[in-house]
Protein chains: 2
Amino acid sequence: MSEQNKIPQATAKRLPLYYRFINNLHIQGKLRVSSKELSEAVKVDSATIRRDFSYFGALGKKGYGYNVEYLLEFFRKTLDQDEKTPVALIGVGNLGTAFLNYNFTKNNNTKIEMAFDADPNKVGTEIGGVPIYHIDELEQKLSEVQAAILTVPLAEAQNITERLIKSGVTGILNFTPARITVPEGVRVHHIDLSVELQSLVYFMKHYPLDTDEEA
Amino acid sequence: MSEQNKIPQATAKRLPLYYRFINNLHIQGKLRVSSKELSEAVKVDSATIRRDFSYFGALGKKGYGYNVEYLLEFFRKTLDQDEKTPVALIGVGNLGTAFLNYNFTKNNNTKIEMAFDADPNKVGTEIGGVPIYHIDELEQKLSEVQAAILTVPLAEAQNITERLIKSGVTGILNFTPARITVPEGVRVHHIDLSVELQSLVYFMKHYPLDTDEEA
């Protein structure tokens, strides 16, 4: 896709979700899918799905639905599924360990290649097949890595972020409560567990009959 | 706030974030804050902050900024900070353990009161002060609980969801890759670690100069 044809960010955020379910349908041998079926599977309303898909041209046919193989090929290209992005994980606590044990490689173009921690008991071991290096080795090991998952203690977040960026990292998935500061050209997605929980409670109280998640 | 004055969901999602930082400013003894300062702290552009705040009436004054105490009081009420919402956590694996160790109670109206797991080695113990019960005791213990954090294996997600809903849970923070099905009136927020990582990579590649996160 050219830079001129930027799709809305809300749409872009749903692409990995669509891709995974379409891939599952493909594995099950399904040849076509309606926006209604897709809607029930991914829990996004079908009007939104049709609008999202429309940004990529007319992918569906009325009364037929969408061709699964076509969609799959389309999303594979759009999401660069043939190009693996090496990822590093920084901070092998409980949350970091959960990530390492999580099967990211299934139907996926991202792979955690290495992890870092300061704990000498963890350094030199492997979790989920991923080697754990000492945090002091960060600059030395990171040369190929573009994206990092940040699961370090709050007080370390900004310092580690700066070291990651100096080493060439251009994307950070930040799971610390810190709102880290980065230069232009570095992308940060922030997932704050406490904010997510408060947000859920707010919606439970204020939108009790609106069951749709903000997908 | 009345049901008539619903604010946009994107705004609602940012409220817990604003609340936390305004509370921090208050603790530091600050009396006022500009939208620019707030923007730098929470990493949301100041136009968005001003628009968000405008839904609650004219909270700021030109050339002065916002009164910290007023904002704090306002957000405390809006987010029902005086009303604790009891939360249960289901599935004490690495991710569940990370949640239990996470300090949710700080400046917060949510508290994990109990956790459930099937592992007899975990049942009867405590993590972060939270007692762990056997999953068979779910229906018996849940009477007061409205919200649940779901960190169980994929294959258990739908079954446990149904048991939670029968026990009166109306909000679920779903960390499993499953897209769970719930009846009307039950709110689900879904955080899929794999989708988050893919989404980050997509934005790194397609929006390389847009550093703002979709807050």
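In case you wondered, yes, glycine gets a Cβ from its N, Cα and C as well.
Residues annotated as DNA-binding region in TrEMBL: B:17-56.
Look at TrEMBL and you will find B:80-179 tagged as domain 'CoA-binding'.
Here TrEMBL flags B:Gly91, B:Val92, B:Gly93, B:Asn94, B:Leu95, B:Gly96 as NAD(+) binding site. A helical conformation is recorded for B:Gly96 (NAD(+) binding site) in the three-state DSSP classification.
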*Secondary structure composition of the domain 'CoA-binding' (B:80-179) [DSSP: H/G/I, E/B, coil]*: 31 helix, 29 strand, 40 coil
*With DSSP as the yardstick, break the DNA-binding region (B:17-56) down into helix, strand and coil residue counts.*
28 helix, 2 strand, 10 coil
